[in-house]
Amino acid sequence: MDYFPVFVKLQEAPCLVVGGGEVALRKVRLLLEAGARLTVVAPQLVPELASLAAQGQLAYHAGVFEPQHTVGMRLVVAATNRRDINRQVSEAAQQRGILVNVVDDPELSTYITPAIIDRSPLVIAVSTGGGVPVLARLIRARLESLIPAGFGQLARFAARFRERVKQRFDNVEARRAFWESVLEGPVAEAVMHGNEAMADSEMEKRLAEASSKPLGAVYLVGAGPGNPDLLTFRALRLMQQADVVLYDNLVASELLDLVRRDAERIYVGKARANHTLPQEDINLLMVRLAREGRRVLRLKGGDPFTFGRGGEEIQTLAEHDIPFEVVPGITSASGAASYAGIPLTHRDYAQSVTFVTGHKKDGTIQLDWPALTRPDQTVVVYMGLTMAADLCQAFIAHGKAPDTPAAVVEWATTQRQRTVIGTLESLPQVISRYEVRSPALIIVGEVVNLADKLSWYRRVENRAATMQVPEGQEHD
Ligand code: SAH
């Protein structure tokens, strides 16, 4: 180990920054955040530094650096653009045994500053030994996205209970089990959502029972339309801590690969007319698993509250007092629209967009046709593929022009995406000619014409595979 990592307490500690430019400013900001009592030495200051000095946030010595400026300092930073001055600063500090950092000059430095992820009081520091700061910053960016903003709150919350937990569980093993169950379960989630009152009362209860049995919960998570890049941070994090996952056909296998490796996977598929588990059984299964203390992830394609039966599933959980949380996902209509280059609204063509389902519980279509056939709107039909002929016919029967542009987007956002374009009149034949399969969305409206210009996804590699306008089916 070339450098020994420590976290230094700087509240009220005298620290010196030599230099008055942008680089010095960055260092000053950090040191002020750490509560240092700062002195800045420089012939002149950039305006932000000058205003910090004017506000009394730092003491300013106008002029050139002199070695005695380092006397009594805990840390010294040299941030001038003159190596000779930086060297003087470094030597003066080292003579007095003071830690000194020369910005971007590990050779003159006795300490280096890491890239930091600040979730105070939780702070993560990353260092490459001063050799490749850019790499440290890249690592920091990755960690930033992995570590939820709420971890700071969580650290503060846990610290409040530290003593009491120590008294309650005298052996280290039991204490660790208790903390794990708290920090990875619904108590932690409540803290990170800012619901400390609920977290507090749950902690009190668990301390009273001296219980380190994990508390079960159900996370109803939208996995987006299929492309793993379109997961939310939150979805990914819950996927990586779940004990058991319930998934169905709409969740692409690439997404399942991101679930924690040792989580149990239960297929509760819901291919049309081939229900592997009836909905009621899925609901009760989740209740049972959560009661066993497991963190249950119910992974849903798209968004759980958009034609996802999410409402029905959590109703049962609520009735059984199971803690649950809902995580939104990108609904397939949004995914398909973006990836096929079909804006759902457009100031020239569509002032509103309506999402409907082409499939009802009893198998018939009952839609508000007068509303759906009004001009200047886009209609997106979920689960409409098998009924496409009836749907297109109904649009026309209720007054929509037969040459209204209509598209089918199959496997939107995934590498299998295909967009097939026709009109209300031609769409049913086009669907069968191109053997379009589920999952697919139908998009009806003038905005479909924009796909010719705006489609971008995989266009470079193989436009024909992503965008197929059948011969003789001119649509504009
Ligand atoms: N909750 C989901 C929808 C579930 S209903 C969501 O928000 O997207 C299932 C229907 O969604 C399918 O029949 C299909 O119409 C649509 N669908 C889901 N994923 C899709 C995809 N990747 N491409 C095209 N359509 C998709």
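Using the three backbone atoms N, Cα and C, a Cβ is placed for every residue, glycine included.
The following features are taken from TrEMBL:
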| type | residues | note |
| --- | --- | --- |
| REGION | 1-203 | region 'Precorrin-2 dehydrogenase / sirohydrochlorin ferrochelatase' |
| BINDING | Glu22, Val23, Pro43, Gln44 | NAD(+) binding site |
| DOMAIN | 119-145 | domain 'Siroheme synthase central' |
| DOMAIN | 151-207 | domain 'Sirohaem synthase dimerisation' |
| REGION | 216-476 | region 'Uroporphyrinogen-III C-methyltransferase' |
| DOMAIN | 218-427 | domain 'Tetrapyrrole methylase' |
| BINDING | Pro225, Gly301, Gly302, Asp303, Met383, Ala412 | S-adenosyl-L-methionine binding site |
| ACT_SITE | Asp248 | active site, proton acceptor |
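Features as recorded by TrEMBL, highlighted on the structure.
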residue	record	DSSP (3 states)
Val23	NAD(+) binding site	helix
Pro43	NAD(+) binding site	coil
Pro225	S-adenosyl-L-methionine binding site	coil
Asp248	active site, proton acceptor	coil
Gly301	S-adenosyl-L-methionine binding site	coil
Met383	S-adenosyl-L-methionine binding site	coil
Ala412	S-adenosyl-L-methionine binding site	coil
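The average pLDDT for the region 'Uroporphyrinogen-III C-methyltransferase' (216-476) in the predicted structure is 88.
Using a 10 Å radius centred on the Cβ of Gln44 (NAD(+) binding site) and all shown protein chains, the other Cβ atoms total 11. In the domain 'Siroheme synthase central' (119-145), the DSSP tally of helix, strand and coil residues is 13 helix, 6 strand, 8 coil. Through the fold, the domain 'Siroheme synthase central' (119-145) approaches residues 2-3, 5, 7, 104, 106, 109, 112, 151-152, 154-156, 159, 233 of its own chain, all at least 6 residues removed from its boundaries and within a Cβ separation under 8 Å. Rounded to a whole number, the C-alpha distance linking Val23 (NAD(+) binding site) with Gly301 (S-adenosyl-L-methionine binding site) is 47 angstrom.
Taking CA atoms as the reference points, Pro43 (NAD(+) binding site) and Gly302 (S-adenosyl-L-methionine binding site) are 59 Å apart.
Neighbour counts of Cβ atoms within 10 Å were taken for the recorded positions Glu22, Asp248, Asp303; the minimum is at Glu22. One way to see the shell of the S-adenosyl-L-methionine site is to take the Cβ centroid of Pro225, Gly301, Gly302, Asp303, Met383, Ala412; the remaining same-chain residues with a Cβ within 8 Å of it are Gly224, Gly226, Leu250, Thr306, Phe307, Gly329, Ile330, Thr331, Ser332, Ala333, Gly335, Tyr382, Pro439, Leu441.
Compute the center of the Cβ atoms of Glu22, Val23, Pro43, Gln44, which mark the site for NAD(+); besides them, the chain residues with Cβ within 8 Å of that center are Gly19, Gly20, Gly21, Ala24, Leu25, Ala42, Leu45, Val46, Leu49, Ala79, Thr80, Asn81. Between the CA atoms of Met383 (S-adenosyl-L-methionine binding site) and Asp248 (active site, proton acceptor) there is a gap of 15 Å, rounded to the nearest whole number.
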